[in-house]
2 protein chains.
Amino acid sequence: MPKWVYNFGAGEAEGHAELQGKQEELLGNKGANLAEMASIGLPVPPGFTLTTEVCSHFVDSGSYPEGLKEQVQKSLQTLESRAGCKFGDSENPLLVAVRAGGRASMPGMMDTVLNVGLNAKTVEALAEKSGDERFAYDSYRRFIQMYADVVLGIDSSHFEKMLRRAKQKRGVNEDHELGVEDLERLVRDYKTKVFVELGAEFPTDPQVQLWGAIGAVFKSCSSSRAKTYRELHDISEDAGSAAATVQAMVFGNGSGPDSASGVAFTRNPSSGDNHFYGEFLLNAQGEDLVGGIRTPAELTMQARLAHGNTLPSLEERMPKVFRELVAVREQLEKHYKDVQDIEFTIQKGKLYMLQTRAGKRTTHAAIQIAVDMTNEGLITKPQAVMRLHPSQIDQLLHPTIREDAKKQVIAKGLPASPGAAMGKVVFCADEAVQRVNDGEKVILVRSKTSAEDIHGLHAAEGVLTTCGGMTSHAAVVARSMGRPCVAGAGHLEIDEAAGKLKVGDVVVEKGQKLTIDGSTGEVLLGDVPTVVPKVTGAFRTLMSWSDEYRTMQVRANAETVADARLAKDFGAEGIGLVRTEHMFFVGMRITAMRQMILASDTRDRKDALHRLLFMQREDMTELFQIMEGHPVTIRLFDPPLHEFLPNTEAELSYVARAAGVPVDRVRRRATELNEANPMLGHRGCRLAITYPEICEMQTRAIFGAAVEAGRTAPSKKFPVVEVMVPLVASVGEFKIIKQIIDKTAAAIQKEENVNFEYRVGSMIELPRAALQAAKLAKHAEFFSFGTNDLTQTTYGLSRDDTGSFMAEYKAKGIVACDPFVTLDEDGVGELIKLAMTRGHSTRPDMKMGICGEHGGDPTSIDFCQRIGLNYVSCSPYRVPIARLAAAQSALKARGEEVGSPEIRAAKPRVPTFGPW
Amino acid sequence: MPKWVYNFGAGEAEGHAELQGKQEELLGNKGANLAEMASIGLPVPPGFTLTTEVCSHFVDSGSYPEGLKEQVQKSLQTLESRAGCKFGDSENPLLVAVRAGGRASMPGMMDTVLNVGLNAKTVEALAEKSGDERFAYDSYRRFIQMYADVVLGIDSSHFEKMLRRAKQKRGVNEDHELGVEDLERLVRDYKTKVFVELGAEFPTDPQVQLWGAIGAVFKSCSSSRAKTYRELHDISEDAGSAAATVQAMVFGNGSGPDSASGVAFTRNPSSGDNHFYGEFLLNAQGEDLVGGIRTPAELTMQARLAHGNTLPSLEERMPKVFRELVAVREQLEKHYKDVQDIEFTIQKGKLYMLQTRAGKRTTHAAIQIAVDMTNEGLITKPQAVMRLHPSQIDQLLHPTIREDAKKQVIAKGLPASPGAAMGKVVFCADEAVQRVNDGEKVILVRSKTSAEDIHGLHAAEGVLTTCGGMTSHAAVVARSMGRPCVAGAGHLEIDEAAGKLKVGDVVVEKGQKLTIDGSTGEVLLGDVPTVVPKVTGAFRTLMSWSDEYRTMQVRANAETVADARLAKDFGAEGIGLVRTEHMFFVGMRITAMRQMILASDTRDRKDALHRLLFMQREDMTELFQIMEGHPVTIRLFDPPLHEFLPNTEAELSYVARAAGVPVDRVRRRATELNEANPMLGHRGCRLAITYPEICEMQTRAIFGAAVEAGRTAPSKKFPVVEVMVPLVASVGEFKIIKQIIDKTAAAIQKEENVNFEYRVGSMIELPRAALQAAKLAKHAEFFSFGTNDLTQTTYGLSRDDTGSFMAEYKAKGIVACDPFVTLDEDGVGELIKLAMTRGHSTRPDMKMGICGEHGGDPTSIDFCQRIGLNYVSCSPYRVPIARLAAAQSALKARGEEVGSPEIRAAKPRVPTFGPW
């Protein structure tokens, strides 16, 4: 006969030792924690738990398993003897609470019935025994209301209304001000209401009540409410089975000055401060606190003073009980090694613990608590590092709207790239650049963006689109550039011709200020104040501990001075990807770039390149200076040239004017350069093969900057320059380009009479490059996996074009997650591993890293660690995330357990963004 | 001391045994063949050859290797004793010919100097010894002219002019009509001219003459002319070194009736007929024949009669010498086992062989000769099959312009897709379709084509573009459809608005007839008669022999009835690729298709699909009927939907009218469906996932057709249906689509109360599919490698966009050949092998084949054979090529040698087209 029921109480818990590690699975989170508390000697009212297996049996077959009734009766007898009273007894009646506890914690989702066992006889006995008639009828009233709601399915609002009327009649505000007579009348009225609604009498047999409550609890776990919750929180249906715990009632709703119910967190769950944090209500049962019907009092005097609460704190009102509770708090934290969310009841001056569970907390608090607990010796440093899900800290790394700011939200879109940004509204990329050159800040507003808008995206503070989703072009590019983005704000209407943005009655004209919050998707009118993030205090400590365990390097993708500084502040150990073309999108550079593309002869082209050379050298010098000796990995020009030329007539003539050429020539050149599949076209190293002068110019700029940075450095040391060749498909390409680079480097070393080291590496972003890795490694000195392109080509999937079907692919379970967000280990991952093996077979000490979008995704970072990459490179804003993820991955490899119980129970709700 | 010089003559050849297999490499083709002929006892004037290693040394260092002079002097002595005269001797002088012979045969490219050793003294001795003064001075005149040209670099035209003037003066037409005095004067005048041009006397020392001639021969192999020839014929520079052969002169220019020079082919090189085929000139040296200064006589009487030549044939004029020559012919063919191209001289009734080499022949002749020689027992069947390069037979498989047709060529472009086609000129795809529906034939003329023109390309007889190259969209699609195409005819100007095509003064209006020849690139005015190819006679025999040795199946890519019939005629063993979408491009189908895409609700969409269902079922039924029990592999709908919607305003409104919807809706839908990278977008099985109704319709059409075809078949057998799913990247996709197919098949089997077999396979055209092959094979019943897309994704290279850099990639040696023409074994090939291994690990008996462009490329077919694929599928027009290539590959695996000496010596000039 399987064991269906487990007892607890009187300082022990049945089967505690055997169940180690699977208590929650079998007893539900609530039953398991009660048993746990009982086993460590905390004052827990005795009880027993019907396992989740009973629930599964009940849900599947609609009936209880054989032998259950007998086991429950036996446990009930044990309970009676422990509680010193008898269920249904007309003199000394035992009342019980029946509570649901899911395998996963689903607060507020599962049903509970309190005070089970009351009827006309037992209520009298309760009154007699307690000498508190009001308390007895209060309990009876509560029981009928709760049982009718949870078990009989009669809407609670009927009873609320009747309760309200009774208080009005009596002229009082609060429940506990009702007298015995009022309550007796309410009980009668409630029973009548039940009869009317149900067509049957309210059950009076305690056994009928008990099994009714147990059945309701089991049913509640398959309610649509619970299902929705599990969906929202990514809890599997399998983890949805509940256990039912039957526990002797203790009463906080007695009438005296020494009965109360309370809830508390062992530490402040918002700030993480190590202060006991909670509240209680005199003469109340637990649900009164949850319902918020009266103002509760604070636990501690300190909190009362801080909040200006005039009600005496528990510390002041019941110092002895308070001391007991403080001791419980300490014992719980020592036992669970985590912050606890507890419920307790004080019955005539005696403390009872009704619940404990890992406390939900803000990211800020989670960090503070992890660090404090380590310093207190409760947990180890590795445990502290494992306590957070890396993506949780994303919210700490972006500018946020100030909490006290006045906000006028005019629309809501998708939170496509986190952070808040403010600027003047512009509708066209070129105008964005123009205004930014004039010293203004802009928000670029478009129905959707394309490659031709990149310079505008770069110039803007943030991007707002009315079409497209989380992986639309605007979203992806904005994330890659660390620009906030709200995408697909469909209620907004753009009237570009009139220079207006409309939503309902609100009209925003071009040039007016707008704020967007890419973390929430909100679009706000005007200039809303924001707060800039800092890595300080406990956060800084936790990050430094992460670095102690981390074995993989974390670099940043950055090309602007601002991004490079931010990356450094956030702990980047170098730059893993400088997208040189991004430097060409800014200000005068784009004009020179366009002149280069439009040049009709070699002289014009060389002229334009010469101007670009000076500008690019200056940019590079600054990057080297900021990175002071950390490696800087520079990717040669990558995108197809037509990204620099516009398509619309208005923009064409603007460009023609700026470049000083006839509009026809711009149009012709744009048409000439137009490609059927630009992603697979004339780009990457293919450009360096056909336009070696661009490669020469860039190489000259890079090494010129290296010399300049070395000479001006306090250490006089030259920077570590790594040049990488994009979109390599064959060894021949790499060899030709490496020759250009080596030749230029030699020329500059001779001209400047210096000697600097540099490395030339290959990007591996095409399947063929991965396959050819052994041969490539003969010439390439490092590999950088460009996982964006590698995912595109391995899947044959353009990231810009997945919008029309990716949602359906996820819904049908074809992909578990967007392969552009989390690296596809099966396909893309295999190619990476293969390239590593082959590359190392030729050059065993070769450094390899990734610089694709996945470099900032924790799951992908874990993969990188497992396969032994040397570094990941990600958006500056994700550097701390990557540091933490890499540390956790290294610790996991050492056998450390991931996450707190809270994190293990449910996946984080924070959406995982895919930055570059 | 290395051996630099090899003697031959007197029935033997020095080092003949040791050099087996590398004679040509060391002695050049000419020297090797002379030595070979000497060794088998043919009458070869004695001589010796300076090896190609001497040449390499000379070209590299500018000087001769040590010991050479001594070896030459020694060989000269041997030669003198064999010839019975002495070089430079004033009484019995030896004259020699110095000839270049490359490692590879380069006819007419390498220089020769005859009659070396003549000066004022030796000419007299020659006159005396021969008793023929005219002959002696004729030889002297020739010698000075040739030596001045080849060795001294004095333009031959000077001497030609002087010779012409001398004949005018004498009042004769032919050289041999000049008398001794005339020749003596000419010799004097020649020498004066040399002095004037050179500023030095013509060399009189025979040793100086000899070394001058040897040096010139060696230099000639690095001349720009020779380099160009090697480039044009894909002969490596390494194979460019020449040997110099010094050989005793024999004289056909003696004055009597028994001296002559001749050339011959052992069989007719144009028809392949087994007739001795050649001509001779009395009293002439070899170069007179080449120069064409007199009408030659035929060798045989039969030929003389056939050609109406009044000059007596050799057979009639010198019957004994003729019989000797016929014996030589037989001996040569028996020895070389191939048709020979020979040169001979008759000196006073004695026959001398001066050269033999494999005879160049037309493809037609090559086939005839291979088959005849097999029947004659000269070669084996496998040898016959190995005799042709598969791509040679391409010219026999397309409609050609009739040889006697009157042609008015108005422009020339690239021969982008072979065959000739005639039709009325149209400038827009939709008009093409419209006119074809009205029963006309059209030639589509565009500056370039894009995906939106596919229906027009399909409807047209042929395509003519003014921009783009051999791998432009028009070229690739035309080849895939077997439509002739002339691409990049840059001299043509299209004035679409006026409906005109201009080139110089010629104007072709819309609707006027034009003929294009995609095999030559010619554009011809009007309707030029063409000839349709047939596989008959020797060609049929050779193909049937090929099939005896072939182990790999050859199928065709076809969807129209015409293509399927052609494929069957050409020997296809089933269809390996039915591109169902091509069926939608035709006639009313495109209208229904557009209605489906433009449908605003499910009812409209289902209506349109229903109409398509009937049309597609009819098409399929016909294909099954034609293929009678051979497998038919049908690919589900593949291209992105926007390929069916146009972009230009004119076409948009045309489509709107035809589909009966507002033009705005067409425009909006076209914009909606527009993609950044259509190749990597919403296409292939992704469409079947998001629009399962399309997949259902297609499946219903396919199986409905199978039932129909089975019921009407004489055998009552159901066809072998293979359905393949395109662009699979993950197992999930395949499973979902296979479910739809299986469900539909089951439904039809039930409805129709029949039982038919079918297989569902996966295309492997993405790297990820290749990697996932083991898992895919759990569900997929066969694999078909789509090597076009697999090449695109493995290389990250869009075939439509390589135009801007592929030429440079070839020039710089980054790619040996276009990977879209010949399968890239290193990259794409590795993925194919990997997918095969993994697929077979799950399902050992799984059938696998390729249906990409490479299925018709001989080199790629050889790869397919080597890795063990079961079949290749190619354009109908390439089926015979594929059959031959597959047979050769199978024979090669058995150790059979490839090709004839002619083919081994040089790659074929026929461009390799890349059909689908």
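Each position is counted from 1, following the chain as shown.
Note: Cβ is positioned from N, Cα and C throughout, glycine not excepted.
Taken from TrEMBL, the feature domain 'Pyruvate phosphate dikinase AMP/ATP-binding' covers B:63-304, B:323-374. The feature domain 'PEP-utilising enzyme mobile' is assigned by TrEMBL to B:440-521. The annotation active site, tele-phosphohistidine intermediate is assigned in TrEMBL to B:His473. The domain 'PEP-utilising enzyme C-terminal' feature in TrEMBL is assigned to B:537-889. According to TrEMBL, the substrate binding site annotation covers B:Arg579, B:Arg635, B:Glu765, B:Gly786, B:Thr787, B:Asn788, B:Asp789. Look at TrEMBL and you will find B:Glu765, B:Asp789 tagged as Mg(2+) binding site. The feature active site, proton donor is assigned by TrEMBL to B:Cys851.
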Original post:
Looking at B:63-304, B:323-374, B:440-521, which one has the highest count of Cβ pairs under 8 angstroms to the domain 'PEP-utilising enzyme C-terminal' (B:537-889)?
Top reply: B:440-521
Original post:
Pick from B:Glu765, B:Asp789: which of these binding-site residues has the biggest number of other Cβ atoms within 10 Å of its Cβ?
Top reply: B:Glu765
Original post:
Are there any residues in the same chain, six or more apart in sequence, whose C-beta is under 8 angstroms from the C-beta of B:Arg635 (substrate binding site), and if so which?
Top reply: B:Leu577, B:Val578, B:Arg579, B:Thr580, B:Met724, B:Val725, B:Pro726, B:Met763, B:Ser784, B:Cys851
Original post:
Which residues, in sequence order, are found in the same chain with Cβ within 8 Å of the centroid defined by the Cβ atoms of B:Arg579, B:Arg635, B:Glu765, B:Gly786, B:Thr787, B:Asn788, B:Asp789 at the substrate site, excluding those residues themselves?
Top reply: B:Leu577, B:Asp638, B:Pro726, B:Met763, B:Ser784, B:Phe785, B:Leu790, B:Cys851, B:Gly852
Original post:
Which binding-site residues (B:Arg635, B:Gly786, B:Asp789) come close to chain A, taking a Cβ gap under 8 Å as close?
Top reply: B:Asp789
**OP:** Would you work out the biggest C-alpha to C-alpha distance among B:Arg579, B:Arg635, B:Glu765, B:Gly786, B:Thr787, B:Asn788, B:Asp789, the residues that bind substrate according to the record, and give it in angstrom as a whole number?
**Re:** 15
Original post:
In this predicted model, what is the average pLDDT of the domain 'Pyruvate phosphate dikinase AMP/ATP-binding' (B:63-304)?
Top reply: 88
Subject >> Separation of alpha carbons, B:His473 (active site, tele-phosphohistidine intermediate) and B:Gly786 (substrate binding site) (Å) >> reply: 18
Subject >> Cα-Cα distance linking the residue listed as 'active site, tele-phosphohistidine intermediate' and B:Thr787 (substrate binding site), given in Å to the nearest integer >> reply: 17
Subject >> Sequence-distant neighbours of B:His473 (active site, tele-phosphohistidine intermediate) in its chain (C-beta under 8 A, six or more apart) >> reply: B:Lys448, B:Thr449, B:Ser450, B:Ala451, B:Asp800
**OP:** Going by DSSP, give the three-state secondary structure for B:Gly786 (substrate binding site).
**Re:** coil
Subject >> Densest Cβ neighbourhood among B:Arg579, B:Gly786, B:Asn788, B:Cys851 (recorded positions), 10 Å radius >> reply: B:Cys851
Original post:
When DSSP states are folded down to helix, strand and coil, where does B:Glu765 (substrate binding site) land?
Top reply: coil
Original post:
So how many of the residues in the domain 'PEP-utilising enzyme mobile' (B:440-521) end up helix, strand or coil by DSSP?
Top reply: 18 helix, 28 strand, 36 coil
Original post:
Relative to the Cβ position of B:Thr787 (substrate binding site), how many further Cβ atoms are located within 10 Å?
Top reply: 29
**OP:** Going by DSSP, give the three-state secondary structure for B:Cys851 (active site, proton donor).
**Re:** coil
**OP:** For the domain 'Pyruvate phosphate dikinase AMP/ATP-binding' (B:323-374), give the DSSP counts of helix residues, strand residues and coil residues.
**Re:** 26 helix, 17 strand, 9 coil
**OP:** Would you identify the secondary structure of B:Arg579 (substrate binding site) according to DSSP, in three states?
**Re:** strand
